[in-house]
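**Q** Swiss-Prot lists these features:
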type    : residues                                                       : note
DOMAIN  : 3-56                                                           : domain 'ClpX-type ZB'
BINDING : CYS15, CYS18, CYS37, CYS40                                     : Zn(2+) binding site
BINDING : PRO118, THR119, GLY120, CYS121, GLY122, LYS123, THR124, LEU125 : ATP binding site
Amino acid sequence: MASNSGNDSKNTLYCSFCGKSQHEVRKLIAGPTVFICDECVELCMDIIREETKSAGLKSDDGVPTPQEICGVLDDYVIGQAHAKRVLSVAVHNHYKRLNHSDKSDIELAKSNIMLIGPTGCGKTLLAQTLARILDVPFTMADATTLTEAGYVGEDVENIILKLLQASEYNVERAQRGIVYIDEVDKITRKSDNPSITRDVSGEGVQQALLKIMEGTVASVPPQGGRKHPQQEFLQVDTTNILFICGGAFAGLDKIIAQRGKGSAMGFGADVRDPDSKSVGEYFKDLEPEDLLKFGLIPEFVGRLPVIATLEDLDEDALVTILTGPKNALVKQYQRLFELEDVKLTFTDDAMSAIAKRAILRKTGARGLRSIMEDILLDTMFDMPGAEGVEEVVVNEEAVNSDTQPLMIYAERKADEPASAS
């Protein structure tokens with residue numbers, strides 16, 4: 001018997017790439033002196049597809065076309081067709097301007113971008129995906145942490161420092177990068193009337209951002225300015241850096257609605273239910289004057305000529321977000337359960353119920369993970385200690401009530417086929 005087991009181990013074939021045996025994979029393909037398994041083949045195909053996609057995103061002048069940019073955005077961001085078109089055209093024109101700046105006497109001005117939309121609708125993801133497509137340095141900054149120079153908080157120059165760090169201190173690359181400033185709606189004026197007291201985190205930050213957004217040579221301290229005052233400064237020209245500002249602008253829809261009401265009154269007036277339109281629908285009618293009333297200063301709005309408004313995500317879009325993208329939430333949790341040798345299944349009704357809960361919470365796609373955690377918390381707590389669990393099924397009852405997801409055991413599966421339906 002010992003000799004037979006020794007022969008079996010000698011005859012066992014292994015993948016030359018990952019080292020798995022023929023018994024651990026579905027298929028092992030033989031080549032001259034090497035073997036490759038089906039899992040490694042799939043991995044190689046994914047790598048080739050990604051490289052082909054990024055290599056294909058180049059037109060004759062080295063800049064992806066708007067259609068190509070929009071096509072890749074579709075792979076990562078669900079919905080928001082109008083915002084994708086606006087972004088694709090603006091980014092294409094920006095990098096085309098950079099590549100042809102020396103070939104004409106006409107100087108093309110930069111068009112920074114403002115993204116306005118409800119929370120959890122994909123503003124940040126759009127900016128991150130753009131940077132990935134174009135292979136340029138990208139950094140995100142939180143506007144709420146910024147203050148005027150000389151006050152407690154971060155200086156505006158720290159944004160350029162983060163971009164330098166993302167480009168590994170290559171100044172030339174950093175000068176063609178993308179900066180995304182989030183929560184820009186939180187740096188609005190505290191009131192419409194100018195005050196005798198300084199607004200160092202609101203209007204003061206807008207004033208400080210004006211120069212770097214328009215284009216200036218910023219003196220950037222490599223280690224941060226306030227802690228190391230004696231260091232040498234790096235000179236970074238911000239003229240060709242693309243700035244994208246994003247914010248939820250809570251309450252802006254009311255300003256837009258008020259502007260559209262007019263002065264009609266009496267029996268002939270058009271009476272509308274204030275809840276009949278969503279926030280995203282109001283944003284479609286946005287005018288620059290609405291942003292001024294919200295608290296942005298005219299000079300700041302003028303530095304952001306391209307405005308893309310995003311819509312609320314409906315039920316179908318949220319269900320697609322749960323299952324569609326490469327790193328979809330459902331796939332993430334299924335992988336977690338796979339590590340416990342348990343199959344996780346969601347019914348179609350459960351998906352719809354999760355999407356409806358996210359809409360009621362008004363948290364957009366960002367709230368989906370919180371809902372999934374609530375549903376699966378007790379199951380994930382009990383499952384590692386439970387023996388024989390083969391499958392967990394999440395149905396509509398588990399989403400809408402305190403009912404736990406169904407746990408199907410291996411020895412009971414033949415006796416209880418109806419419990420999973």
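Each residue, glycine too, has its Cβ placed from N, Cα and C.
What you see is a predicted model, and the numbers here were worked out from it, not measured in a lab.
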**Q** Given GLY122 (ATP binding site) and CYS18 (Zn(2+) binding site), what distance in Å do their CA atoms have, once rounded to a whole number?
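**A** So the alpha carbons of GLY122 (ATP binding site) and CYS18 (Zn(2+) binding site) sit roughly 37 Å from each other.
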**Q** If I take the alpha carbons of LEU125 (ATP binding site) and CYS40 (Zn(2+) binding site), what is the distance between them in whole Å?
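**A** Cα to Cα, LEU125 (ATP binding site) and CYS40 (Zn(2+) binding site) are separated by 30 Å.
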**Q** In the structure shown, with every protein chain counted, which of the binding-site residues CYS15, CYS37, CYS40 has the densest set of Cβ atoms within 10 angstroms of its Cβ?
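**A** Result of the Cβ crowding comparison: CYS37.
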**Q** With Cβ-Cβ distance below 8 Å and at least 6 positions apart along the chain, what are the contacts of THR124 (ATP binding site)? List them in sequence order.
**A** MET140, TYR180, ASP182, GLY246
**Q** Quick one: Cα separation, CYS121 (ATP binding site) versus CYS40 (Zn(2+) binding site), in Å?
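**A** Distance (Cα to Cα, whole Å): 36 Å.
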**Q** Between CYS40 (Zn(2+) binding site) and PRO118 (ATP binding site), how far is it from one CA atom to the other, in Å?
**A** 41
**Q** Cα distance, CYS18 (Zn(2+) binding site) to PRO118 (ATP binding site), nearest Å?
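**A** Here the two Cα atoms are 45 Å apart.
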